[in-house]
Amino acid sequence: MKLAMIGFGQAGGKIVDRFLDYDDRTGSGIVRAAIAVNSAKADLMGLKNIPQENRVLIGQARVKGHGVGADNELGAEVAEEDIDEVQNAIDAIPTHEVDAFLVVAGMGGGTGSGGAPVLAKHLKRIYTIPVYGLGVLPGTDEGGIYTLNAARSFQTFVREVDNLMVFDNDSWRQTGESVEGGYEQINEEIVRRFGILFGAGEVGDGQEVAESVVDSSEIINTLSGGGVSTVGFASEEVDLNTGGGLLSRFTGDAGGDDNLDAANTTNRITSLVRKAALGRLTLPCEIEGTERALLVLAGPSEYLNRKGIERGRKWLEEETGSMEVRGGDYPREEPEVAAAILLSGVTNVPRIKRLQQVAIEAQDNIDDIQQESEENLEELVEDDEDELEPLF
Ligand code: GDP
């Protein structure tokens with residue numbers, strides 16, 4: 001599936017930058033165009049792969065290239081004021097060759113948190129292709145203001161996109177890591193999971209196209225209907241079997257071993273599917289009640305079989321209670337078999353409820369503190385008996 005990716009704010013830009021790197025490394029061909037939008041000039045300069053002409057600085061008149069300082073209302077305002085600048089960059093990309101937009105942002109900050117929903121709304125008004133969001137939740141240790149920003153951005157972003165895929169930094173935080181080093185790893189995890197998922201619908205020329213291969217319309221159908229999505233993933237290393245495996249299967253050289261191989265292959269797939277669904281999701285949630293799901297099995301084609309995928313799909317149907325579970329192959333010559341599961345329309349997400357609670361507390365605290373400091377200032381400035389008068 002070919003995407004036009006727009007990274008909004010620092011996290012968004014870095015993640016899209018990383019997607020380009022992933023595309024380069026794996027030849028997956030999912031990023032048809034990449035744009036970064038930011039109100040902070042330094043963040044745009046720090047990107048490595050996004051072309052200079054696709055880096056858009058907004059809000060210059062208001063914040064002079066210094067960013068909005070975690071004020072997401074200001075982030076939304078400058079995005080609205082300078083939406084034409086963003087549109088100019090989008091005009092320069094071949095949108096007719098694109099299956100969907102993906103707007104990526106960290107929801108805890110200012111520029112991306114406020115700007116990404118504004119851009120999504122704008123894109124949906126102009127284009128007929130789907131507009132998806134990839135929103136990153138802040139770690140719980142980042143503090144009240146980030147939580148409040150994320151809770152408000154989440155509500156708005158979900159409403160403005162065709163589907164919001166969520167990644168929770170909190171579940172992926174590693175102790176003892178520097179923040180930057182931690183993000184490196186987290187961003188790699190993000191592009192790997194979403195790369196396999198979106199890469200599935202993008203089998204290149206000359207690649208083997210099996211009947212059961214995932215098509216981009218299946219990804220789009222799984223995401224249609226809106227709501228919130230999460231992605232599960234599990235992988236296992238395998239030998240790339242250069243020369244032997246594939247050929248021997250066609251010529252029948254492997255003889256009696258073939259049955260054993262088929263059983264192993266099926267078992268490997270079914271256990272990977274379970275691990276992916278029950279392991280760490282990009283957004284932790286209860287998978288029961290998921291509206292739609294897509295199971296993608298990626299790996300060398302000799303390690304993929306229809307029986308395994310079919311069993312995995314059935315099992316997912318039972319676990320989620322969904323009647324709409326799609327599944328298929330993504331043949332690629334990497335020394336691993338991987339299961340990526342897109343769970344779309346999840347509703348039982350305690351993490352979001354907790355985020356909202358903390359956000360409301362933070363909001364109340366901020367109001368109290370502001371009122372108190374206004375009172376304190378008045379007490380300081382005014383003389384006790386009100387005997388002095390200001391000049392004007
Ligand atoms: P903005 O530039 O004002 O949009 O704000 P940032 O993108 O810098 O930060 C928003 C939130 O994104 C932070 O609270 C972090 O939770 C998260 N974040 C920042 N950088 C990264 C990153 O490289 N990767 C990930 N996964 N999250 C990040």
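Cβ atoms are placed via backbone N, Cα and C, with glycine included.
Automatic, uncurated: that is what TrEMBL annotation is.
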Write down the single range among 212-239, 296-323, 352-379 that appears in TrEMBL as coiled coil.
352-379
Among ASN88, ASN187, which is the one TrEMBL gives for the GTP site where GLN10, ALA11, GLY12, GLY13, LYS14, GLY110, THR111, GLY112, GLU142, ASN169 also bind?
ASN187
Using Cβ atoms and a strict cutoff of less than 8 Å, what residues sit near the coiled coil (352-379) while being 6 or more residues removed from its termini?
137, 140, 144-145, 147-148, 150-152, 154, 228
Max CA-CA distance, Å, over listed GTP-binding residues GLN10, ALA11, GLY12, GLY13, LYS14, GLY110, THR111, GLY112, GLU142, ASN169, ASN187:
20
Measure the Cβ-based neighbour count of THR111 (GTP binding site), defined as the other Cβ atoms within 10 Å of its Cβ.
34
Indicate the candidate from GLN10, ASN187 with the smallest number of other Cβ atoms within 10 Å of its Cβ, considering only these binding-site residues.
ASN187
GLY12, LYS14, GLU142: which of these binding-site residues has the sparsest Cβ neighbourhood within 10 Å?
GLU142
Helix, strand or coil for THR111 (GTP binding site)? Use DSSP.
helix
